[in-house]
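**Student:** Sharing the feature lines straight out of TrEMBL:
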{"type": "DOMAIN", "residues": "1-204", "note": "domain 'Major facilitator superfamily (MFS) profile'"}
{"type": "TRANSMEM", "residues": "21-48", "note": "transmembrane segment"}
{"type": "TRANSMEM", "residues": "54-74", "note": "transmembrane segment"}
{"type": "TRANSMEM", "residues": "86-106", "note": "transmembrane segment"}
{"type": "TRANSMEM", "residues": "112-133", "note": "transmembrane segment"}
{"type": "TRANSMEM", "residues": "179-198", "note": "transmembrane segment"}
{"type": "TRANSMEM", "residues": "231-256", "note": "transmembrane segment"}
{"type": "TRANSMEM", "residues": "268-287", "note": "transmembrane segment"}
{"type": "TRANSMEM", "residues": "296-316", "note": "transmembrane segment"}
{"type": "TRANSMEM", "residues": "322-345", "note": "transmembrane segment"}
{"type": "TRANSMEM", "residues": "357-375", "note": "transmembrane segment"}
{"type": "TRANSMEM", "residues": "387-407", "note": "transmembrane segment"}
């Protein structure tokens, strides 16, 4: 049944008519807020223990390895087990892990290896969350509301993960210490868990109660679908190279740039991430408040390709306003592209394969994340920050052009309109 057509600016609110979505997105919002705080807590806690980029690189690498190593398992699990159960289990793991870290920090016995193990566990938990969340949305929302729902997450995630969360963490840690920030993160995960428990399981299609094929066959089917779908294959390949050259500099080196170039490094780092979050939210809100772009693949690749260029400014400037403006622009393009991508998967991938395909997307896209994290710390000791960030800003432009041309995306989007 088709929902009444809302005014364009309010189209993004349509999913809130459904109770289960309201509870789900409220819980996800709290969890994202916690993740946003944790990104700063983790970085500053590591710096407090051992002020060495290599140590933070190690911890970030453990998170990436945990995510990449288990994301395929997470996707297969999402297609076989109730997605609500998976998401609740993930929240339990998040809460327990951060609670243990906060206790160790308060007792003054926290070590780098504790942070590395915790990062690995949180990475594994995330590997199960992403496919389950992607797969559960089409089960609780009608197709015409998926763009809006992805837009809501596209607003919530940057606002709370890249804006409010880091800013609050920076202020809390600036006024106290990293261990207090970890306590707040644990409380947020606990509140999110309570909301998730209050949700009701979505109805499962009758076909899904039949005996499932072997796990390896499930995995082969997912790979086969990606390989025979050019727009999907080339976007995933683009994303993998994007992660290799961009993610390491942002996640590992940006905290040290803030510490070196600004008087109050902790607050500056938090607010730089906040500007990225605000931009990402605006990009997501703009896209989700309208219909799917007719040239959706063109729009997405332009956003991601050209949107990386301001990273060049981040590498060179010592001006906080200029760095904040650059991260804001990066955020706008990232948020807009991610909403289109999430909706594209949910609209053009069969529902029964969505968990596997989503996990393959994450796996291939993030396969280079641990490598990016691992090499960028040591690399920064022999190559200047300016060169590293210039590379991160310019290489994605060329890769996006290759992917767009090779997949003939301009023809595909015309042949497969998404109204």
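Every residue gets a Cβ built from N, Cα and C, even glycine.
Any TrEMBL annotation is an automated prediction that lacks curation.
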**Student:** How about long-range neighbours of the transmembrane segment (268-287): same chain, 6 or more residues beyond its ends, C-beta under 8 Å?
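**Tutor:** Cβ under 8 Å, 6 or more out: 12, 36, 39-40, 43, 147, 150-151, 153-171, 254-255, 258-259, 261-262, 293, 303, 320, 323-325, 327-340.
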**Student:** Quick one: find which recorded stretch in 21-48, 54-74, 86-106, 296-316 has the most Cβ pairs under 8 Å with the transmembrane segment (387-407).
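**Tutor:** Looking only at 21-48, 54-74, 86-106, 296-316, the most contacts with the transmembrane segment (387-407) come from 296-316.
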**Student:** Given the cut-off of 8 Å on Cβ pairs that are 6 or more apart in sequence, determine whether the transmembrane segment (357-375) and the transmembrane segment (86-106) share at least 3 such pairs.
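**Tutor:** By the criterion, they do not touch.
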**Student:** Given the transmembrane segment (179-198), which of the listed stretches 86-106, 112-133, 231-256 has the most Cβ pairs that are under 8 Å apart from it?
**Tutor:** 86-106
**Student:** For the transmembrane segment (231-256), could you work out the same-chain residues 6 or more beyond its ends whose Cβ comes under 8 Å from its Cβ atoms?
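**Tutor:** Sequence-remote neighbours of the transmembrane segment (231-256) are 39, 43-44, 47, 53, 56-57, 60, 225, 265, 269, 272-273, 297, 300-301, 304, 308, 311, 314-315, 341, 349, 357, 360-361, 364-369, 371-373, 375-377, 380, 385, 388-389, 391-392, 395-396, 399-400, 402-404, 406-407, 409, 412-413.
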**Student:** Which sequence positions outside the transmembrane segment (296-316), separated from its termini by at least 6 residues, show Cβ-Cβ distances below 8 Å to it?
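**Tutor:** Tertiary neighbours of the transmembrane segment (296-316) are 231, 235, 238, 242, 246, 249-250, 254, 257, 283, 322-323, 325-327, 329-330, 332-334, 336-337, 340-341, 344, 385-390, 392-397, 399-401, 403-404, 407, 409-410, 412-413, 418.
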